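Colleague: Marked as transmembrane segment by TrEMBL: 7-28, 40-63, 84-105, 111-132, 139-161, 167-191, 279-301, 313-337, 349-370, 376-398.
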Amino acid sequence: MAGLKKNIINLVIVQLVTYIIPFLQIPYLTRILDIEIFGVYAYSLILIQISNLILDFGFNLYYPQLIANNKNFNRIGKLIYSAIVIKIILLIPIILFYFILIINNALYNNYLLFFFFSFFSIIGNIFNFIWLYQGLEKLYIYSRVVIISKILSLVAIFLFIKSKDDLVLLGIINSTQQITIVLISIFWITLNLKIPPIKTNLKYIKVIAIKSFEFFFSRAFVTIYTSGCGLLIGNYGTSTQMSIYSVADQLYKAAQQIFSPVNQAIYPYMIRTKDYKKFYKILITCIVICLVGCIIGWIWGSNIITLIYSKNYIPAIEVLNILLVALIFNIIAVLLGYPALAPIGLSKIANISVIYAGILQIILFIAILQLNRAQLHIYIAYTVIISEFTVMSIRYLALKRKNEKLQ
């Protein structure tokens with residue numbers, strides 16, 4: 001219990017800083033870059049996010065379970081080596097996916113140099129071992145590294161990004177931030193934990209890849225109903241729609257990040273203790289906090305957007321109001337996912353729930369493309385509500401049925 005409290009408290013403090021930095025950085029960029037160029041920047045973030053989710057290959061969900069249950073350093077070294085090999089293989093299709101989308105889109109192919117330098121942040125993710133810190137319940141250490149790099153990146157943006165002509169430099173700064181995180185975290189793993197990658201055979205790597213694939217498969221569908229929304233707008237909408245949606249989506253994701261430390265800390269704790277009494281107390285607390293936050297957003301959303309991003313982005317309030325409904329379902333769904341289901345052997349249900357939601361999202365995407373594309377960003381926001389509600393419902397029903405069987 002003491003370890004859980006330490007992780008949550010440290011992560012909440014770190015998350016608050018992480019939460020503040022984007023609200024200094026993004027508003028600055030919305031004012032320095034015009035609304036069209038900011039749309040280009042927002043699209044690059046979507047591509048990076050999707051690429052990183054593919055590159056993670058489910059390791060961030062599968063590996064913490066393995067490490068939390070068995071902290072043998074020799075075994076962990078083999079897991080590190082396997083992850084690096086698999087990620088290098090995955091990088092090949094990611095390169096094709098990334099650059100084909102940019103080159104074939106008239107809105108973005110004039111900014112190829114910016115996208116080229118931004119891609120280095122994806123390459124750096126090959127050596128991102130956040131799952132190791134999570135499995136060892138030392139995630140707060142990794143988070144502190146993230147904070148240092150984010151602060152340095154923020155300072156660099158304020159010092160060097162002065163107009164929309166500095167877009168390429170912005171890509172370099174963002175990639176440097178990710179590479180800095182990776183280098184410092186590797187340095188700590190090597191010197192403090194003394195866990196080097198241990199070369200293993202192809203058979204072992206294949207087993208790891210197969211077992212991770214189920215988590216990867218589910219994460220791929222998570223990508224569809226999260227980052228896929230921005231990808232669809234970026235390819236079928238306008239740069240202005242991309243900017244408007246990304247502003248609302250940033251506030252939505254920032255709200256999710258508030259609860260991220262709780263989820264990250266309680267996951268290995270629940271694997272180890274199965275303390276559902278404590279879990280339900282945390283769940284109820286998170287729901288209450290979320291509802292209060294949503295009410296504030298619905299009442300003062302326009303003022304918040306104007307204050308943070310400027311009056312040019314007031315149209316984002318319509319999208320934000322929709323996404324706040326989705327936020328309630330998301331917070332419940334996330335906590336009812338791996339933290340609640342994995343300890344009782346129902347990780348598969350957590351994976352299946354997002355697969356069903358992703359399939360539903362694809363159907364909804366196809367449907368809304370037949371509608372008036374002037375409202376594309378609004379329609380897409382509604383699909384997020386439907387998807388998050390679907391995930392929450394499936395996970396809740398699975399947990400309820402399991403409890404009924406145990407009684």
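Backbone N, Cα and C define each Cβ position, glycine as well.
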Colleague: For the transmembrane segment (376-398) and the transmembrane segment (84-105), check the count of CB pairs under 8 Å (sequence separation 6 or more) and say whether it reaches 3 or more.
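Modeller: Answer no: the transmembrane segment (376-398) and the transmembrane segment (84-105) share fewer than 3 Cβ pairs below 8 Å.
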Colleague: What residues elsewhere in the chain lie close to the transmembrane segment (167-191), defined as a C-beta under 8 angstroms and at least 6 residues from its ends?
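Modeller: 29, 33, 37, 40-41, 44, 111, 113-121, 124-125, 127-130, 132-133, 141-142, 145-146, 148-150, 152-153, 156-157, 160-161.
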Colleague: Between the transmembrane segment (279-301) and the transmembrane segment (111-132), are there three or more C-beta pairs closer than 8 Å, counting only pairs 6 or more apart along the chain?
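Modeller: These two segments do not touch.
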Colleague: Using a Cβ-Cβ cut-off of under 8 Å, list the residues of the same chain that are 6+ residues beyond the ends of the transmembrane segment (349-370) and lie near it.
Modeller: 214-215, 217-225, 228, 232, 236, 333, 337-338, 341-342, 376, 379-380, 383, 386-388, 390-391, 394-395, 398
Colleague: State the non-local partners of the transmembrane segment (111-132) in its own chain: residues 6+ outside its ends, Cβ under 8 Å from one of its Cβ atoms.
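Modeller: Contacts of the transmembrane segment (111-132) (Cβ under 8 Å, skipping residues fewer than 6 from its ends): 40, 44, 47-48, 51-52, 55-56, 59-60, 63-64, 67, 76, 80, 83-84, 87-88, 91, 94-95, 98-99, 102-103, 139, 142, 167-168, 170-172, 174-175, 177-179, 181-182, 185-186, 189, 195.
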